[in-house]
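Listed features, source TrEMBL:
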TRANSMEM  12-30  transmembrane segment
TRANSMEM  36-63  transmembrane segment
TRANSMEM  84-115  transmembrane segment
TRANSMEM  142-163  transmembrane segment
TRANSMEM  175-195  transmembrane segment
TRANSMEM  249-269  transmembrane segment
TRANSMEM  302-327  transmembrane segment
TRANSMEM  339-360  transmembrane segment
TRANSMEM  380-401  transmembrane segment
TRANSMEM  421-441  transmembrane segment
Amino acid sequence: MKKQSQWKSSTGFILASAGSAIGLGAMWKFPYMAGIYGGGAFLLMFLLFTIIVGLPLLIMEFAVGKMGQTYTTKIYEKLTQKKWLNIIGWNGNLAVFILFGFYSVIGGWIIIYILKVLGQLIGLSSGNLSSIEFEAIITNPWLTIMGQGIFILLTMVIVMMGVEKGLEKASKIMMPLLFIFLIVIVVRSLSLEGAQSGLRYILQPRIEDLSVKGTLFALGQSFFTLSLGTTGMITYASYASKEMTIKTSALSIVIMNIVVSVLAGLAIFPATEAFGFKPADGPGLLFKVLPQVFDQMAAGSLFYFIFLILFLFAALTSSISLLELNVSNFTKNNNEHRARVALIASVLVFIISVPATLSFGSLNDVRIFGLTIFDAMDFLVSNILMPLGALGTTLVVGQLLDKDALKESFGRDRFKLFSPWYYLVKLVLPLVIILVFIMQLI
Ligand code: PFF
């Protein structure tokens, strides 16, 4: 029988959507963005956006998935009877396709580091962790293309196996472990000499550091970490049973994401200052700073190796959701063609990921509106396609969907939160997103 994939339990749904949300966004992208756009001021804006904009939007996406119960290039038509609105689903599909293209570059870096550290552990190469040269890695075309190829391959194999057999079970162990590791790194980082100024940098909002650009990127960061506007979360909610509780699921994902982002900031910035790096160092920040921290620990190489495996796992549970969205749309949720579609989509992603990788090396001079290919892909997704997708969904939910049906999807409402949420989504959030677009143009 042709059958749509379904989670066996609501825990499966929460683990998978938390897995999609928590990944490179919180651990790699948040610190590097905060380092460029004002530290504590960026953190403050990120927190405000995540709570006021991100949380209601996540609840919205879950509600739409739960109501529609189908793939996202069909769900808008199913809910509104207007076929052209499926364009919101296609926008999301395009967004995750490009996103996977540049996400895999960083996934590839993690894999290369894993191999390098393993080489040191088994004695194939000498030196400590800090001797692994970041610049030499990211400018090496064959090495980085191999790394991202492995990352895409791993994602593909897991997706081919189907959601039921996915990684949810493993994430029950891996995610708490990653969390413990992060805390250990924070403790070590904070106890370094000179750590205080880094701590102040990330925790103390200095209003003068707040720029319009930083504010826009903080909103983009909220969208990115919560996987919003790509309809990825709608897809996962459409696999879930009607009984799942969308508010608590969304709230727990938002809280976990904030905690991991803040921990990543606390792990990176004290050490950044202590070792004399620049906070605004860009995408390589985490990769340059963490080896230094682990070098200060007993059995640091072994712990760094384990940390990288956990980090890779977190990245994979996100990349799986990126590929899963394509597979779900192009197979129309018919599991029969799963493997073939996953293969074709992965090959195409690999092709577009190559220029993104090379933009750290031989293609570094190529600029699109002043941005490298990698940064331009990220900007297009995080600051344009994701907000656009979320805007489209707020308009559908606020203007076209039946309020009573939405209320039912919202679930039991002990604290009378439905109305404030509904009017926020209907009236306020579309305006916020439009305003942000106008500011971006200016
Ligand atoms: N939220 C993921 C992260 O922070 O790493 C990235 C992501 C995954 C974005 C899935 C969008 C998506 F559909």
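Our numbering is plain: 1 for the first residue shown, then up by one each step along the chain.
Even glycines carry a Cβ here, placed using N, Cα and C.
Annotations in TrEMBL come from automatic prediction, not curation.
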Grab the same-chain neighbours of the transmembrane segment (84-115) for me: Cβ-Cβ under 8 Å, and only residues 6 or more beyond its ends, written as numbers and ranges. 24, 28, 71-77, 132, 137-138, 143-152, 155, 229-232, 234, 283, 287, 305, 308-309, 311-312, 315-316, 318-319, 321-323, 325-326, 329, 345, 348-350, 352-353, 356-357, 360, 374, 377-378, 380-381, 385-386, 388-389, 392-393, 396, 400
Selection from 12-30, 142-163, 175-195, 421-441, the stretch that has most Cβ pairs under 8 A to the transmembrane segment (36-63): 421-441
Stretch of maximal Cβ-Cβ contact with the transmembrane segment (142-163) [cut-off: under 8 Å; candidates 175-195, 249-269, 302-327]: 302-327
CB contact flag for the transmembrane segment (302-327) and the transmembrane segment (421-441), at least three pairs under 8 A: no
State the non-local partners of the transmembrane segment (421-441) in its own chain: residues 6+ outside its ends, Cβ under 8 Å from one of its Cβ atoms. 53, 56-57, 59-60, 212, 215-216, 219, 383-384, 387, 390-391, 394-395, 397-399, 403, 406-407, 410
Contact ranking winner - 12-30, 175-195, 339-360, 380-401 against the transmembrane segment (249-269), Cβ under 8 Å: 12-30
Could you name the stretch, out of 12-30, 339-360, 380-401, with the greatest number of CB pairs under 8 A to the transmembrane segment (175-195)? 12-30
